[in-house]
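Visitor: Straight from TrEMBL, here's the annotation block:
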type: ACT_SITE; residues: Lys15; note: active site
type: COMPBIAS; residues: 49-63; note: compositional bias 'Low complexity'
type: REGION; residues: 49-71; note: region 'Disordered'
type: DOMAIN; residues: 80-158; note: domain 'GHMP kinase N-terminal'
type: BINDING; residues: Pro108, Val109, Ala110, Gly111, Gly112, Met113, Ala114, Gly115, Gly116, Ser117, Ala118; note: ATP binding site
type: ACT_SITE; residues: Asp150; note: active site
type: DOMAIN; residues: 217-290; note: domain 'GHMP kinase C-terminal'
Amino acid sequence: MSKPQRSVTVRVPAKVNVQLAVGPPRPDGFHDLANVFLAVDIHDRVTATPGTPAAPGAPGAPGVSCTGPGSDRVPLDAGNLAVRAAVLLAAHHGRDPDVHLHIEKDIPVAGGMAGGSADAAGALLACDALWGTATPRAELLALCAELGSDVPFALVGGAALGLGRGERLTGLPVGGTFHWVFALADGGLATPDVYRACDRLRGPQPVPEPAADPALLAALGAGDARALAAVLTNDLQPAALSLRPALADTLAAGEKAGALAGLVSGSGPTCAFLAADAAAAASLAASLADSGTCRTARATTGPVAGATTIESHA
Ligand code: C5P
């Protein structure tokens, strides 16, 4: 029997923000956040296989390919977040980034569910195993934070409070499984545009320092969907609605169809709805899919684990 090609496959979850409190803009252009993340059971897979080693003296570059819904909108150049992750890890260890990355998308592209961040976290873990670089967890998390505000959470998963840009994480206890329905929109929204619209809509009024809502942390800890539904908030929602007014119809359709509550997921345009149980989520997903207010809808659950190696022939 021939030896299988060396490869490592990592699966990485999407996230929903159950609270996204946004502070004023910082001098570096980012915003301080109180960002309560929950990882949900929609995953991308990132597979790392050996790439072509660079010619002596020439800089190597990772190869990348992508399949799945929306993959035509994923850049396949040095700007791809998974490629940037491979380059960063290689530089960290002073080695060539000779790898090919294949991304199987299931997380909506530019949907406010941290799909690009998930791919970056997946690429870091897959390359680390393929290259045998055994990067300590704390270093991996620091590299994640360099790549983007949501990348550390994709590595960690579960539920966590993110402070700073959202990258300073504290794990949160969750007392049960929550049932969600995601209404997927056509096209995406660019995160920087949504933050800019948020600043514009707020105008000169003073913005309070973002802080986690104790009632929300208690609802998560108790696994109480009704209590959580009462306190879901997203400070980016008015901005996402201003850029995509039709999302108001999606939110109204979900609430009419029996959601406990609905909100825009992160910077949108995906809308997230909390349901009482699995049966309610399935019927809500069917109603939303038929409502004509979204491209499609899918039921899922959270929390789930962060980036996990599911196959390794390293
Ligand atoms: O960190 P990430 O690359 O995901 O951020 C994308 C963009 O979102 C940033 O360039 C910035 O415009 C905006 N952002 C922000 N404040 C944060 C996180 C993101 O303004 N805390």
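Quick reminder: no glycine exception, Cβ is built from N, Cα and C everywhere.
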Visitor: Looking only at C-alpha atoms, tell me how far Gly112 (ATP binding site) is from Lys15 (active site), rounded to the nearest Å.
Guide: 8
Visitor: Which residues of the same chain, at least 6 positions away in sequence, have a Cβ lying under 8 Å from the Cβ of Ala110 (ATP binding site)?
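Guide: The answer is Gly70, Arg73, Gly116, Gly187, Gly188, Leu189, Ala190.
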Visitor: Spatially speaking, which of the recorded positions Pro108, Ala114, Asp150 is closest to Lys15 (active site)? Use C-alpha to C-alpha, please.
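Guide: Closest by Cα distance to Lys15 (active site) among the recorded positions Pro108, Ala114, Asp150: Ala114.
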Visitor: Using the CB centroid of Pro108, Val109, Ala110, Gly111, Gly112, Met113, Ala114, Gly115, Gly116, Ser117, Ala118 as the ATP site centre, which other residues of the same chain sit with their CB within 8 A?
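Guide: Nearby residues not in the site list: Ala14, Ile107, Gly188.
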Visitor: Of these binding-site residues, Ala114, Ala118, which scores lowest on Cβ atoms within 10 Å?
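Guide: Each of the binding-site residues Ala114, Ala118 was scored; lowest Cβ tally within 10 Å is Ala114.
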Visitor: Can you give me the Cα-Cα distance between Ala114 (ATP binding site) and Asp150 (active site) in Å, rounded to a whole number?
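Guide: One finds 7 Å between the Cα atoms of these residues.
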Visitor: Going by DSSP, give the three-state secondary structure for Lys15 (active site).
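Guide: Assignment for Lys15 (active site) reads strand.
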Visitor: Same-chain residues six or more away whose CB lies under 8 A from the CB of Pro108 (ATP binding site)?
Guide: Ala14, Pro69, Gly70, Gly115, Phe182, Leu184, Ala185, Gly188, Thr270
